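Residues or ranges marked as substrate binding site by TrEMBL: R69, E133. Positions annotated as Mg(2+) binding site by TrEMBL: E133, D161. Look at TrEMBL and you will find 6-234 tagged as domain 'HpcH/HpaI aldolase/citrate lyase'.
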Amino acid sequence: MKAPIRSFLFVPGDSEKKLAKVADSAADAIILDLEDAVSEARKPAARQMVSEFIADRDRTARTPQLWVRMNPLGGEHALADLATVVSAGPAGIVIPKIDGPADVLRVHNYLEVLETAHGLDAGSIRLLPVATETPVAPFRLGEFAAAQLGRLYGLTWGAEDLSAALGASGNTGPGGEWTTTYQLVRSLTLMAARAAQVEAVETLYVDIRDGAGLAESSRRARAEGFSGRIAIHPAQVDIINAAFTPSADEVEFAKRVVDVFAEGAGAVALDGKMLDLPHLKQAERVLALAGMLEL
Ligand code: COA
Ligand code: MG
């Protein structure tokens with residue numbers, strides 16, 4: 001099994017200067033954006049630039065996976081985006097503003113045709129929908145588990161477009177915490193992803209100068225079950241990678257937990273606390289992740 005993607009760095013698809021920084025990035029994946037970071041007038045140019053950028057990638061070096069955020073289905077750009085970029089063989093497509101699994105199935109169907117047309121392995125391009133950007137989308141999160149979408153890499157969520165769709169003038173409280181609506185959709189995304197047995201990807205942290213805040217909120221996201229996070233600035237990548245990598249202490253503790261259960265009991269005491277099967281499962285998960293990350 002491959003380790004989950006810890007960091008997905010967004011790069012505007014029409015910025016030559018920012019694209020030039022991608023090769024050196026420590027991000028596990030890059031999302032070349034064709035949607036909100038690109039102005040209407042620049043859409044066609046961005047699509048072309050992104051396609052060429054992916055086609056010209058260095059296939060020998062250890063470089064980030066290259067993903068593309070397409071424009072929303074039903075708009076005038078979505079099909080042109082897919083028709084242009086798929087031939088270059090991106091690792092995956094981020095689908096914004098979906099209403100539910102039916103939209104993801106639609107993109108899956110387009111990809112089946114395009115992969116065949118371009119001689120790519122069937123099913124090789126993965127999908128990451130942003131599953132909370134329209135008012136109806138949160139109600140359909142639970143349907144991903146039954147939808148059995150083989151290309152689905154994970155689910156992520158977004159607050160800004162949902163706020164705009166709801167007519168909200170803000171989405172955080174006085175201390176910067178998400179207000180109830182956004183806490184709700186965040187938790188539902190996490191549970192929907194795990195119910196569908198795919199990755200849960202935390203949304204971006206908008207304050208690009210607040211590294212400490214990003215680190216703290218990313219550690220909390222991992223503790224809750226998210227496996228990675230969106231980045232919007234290169235300075236966020238190392239912080240996110242670190243937060244989604246088990247610490248040496250965590251690995252050490254997980255080993256002790258596994259060792260103490262190896263003695264055969266179903267419930268044990270360790271450091272004065274009761275541990276039972278869920279704790280063993282969590283410890284095994286930490287060790288599996290450490291193994292995949294070659295720690
Ligand atoms: N990818 C690659 N390079 C980036 C980058 C990104 N996402 N964000 C910033 N950089 C580069 C800048 O070009 C700059 O390069 P330089 O030192 O050669 O001038 C350097 O990193 C430092 O950038 P900084 O000045 O701190 O930020 P900025 O004011 O240039 O840009 C943003 C701020 C938010 C506009 C920029 O980070 C950005 O474009 N982020 C992604 C936006 C996006 O894709 N949004 C859609 C998803 S929500
Ligand atoms: Mg958006």
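Cβ from N, Cα, C; glycine included.
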Under DSSP, is E133 (substrate binding site) part of a helix or a strand, or is it coil?
coil
I want to verify one value. Collapsing DSSP to three states, which class is D161 (Mg(2+) binding site)?
helix
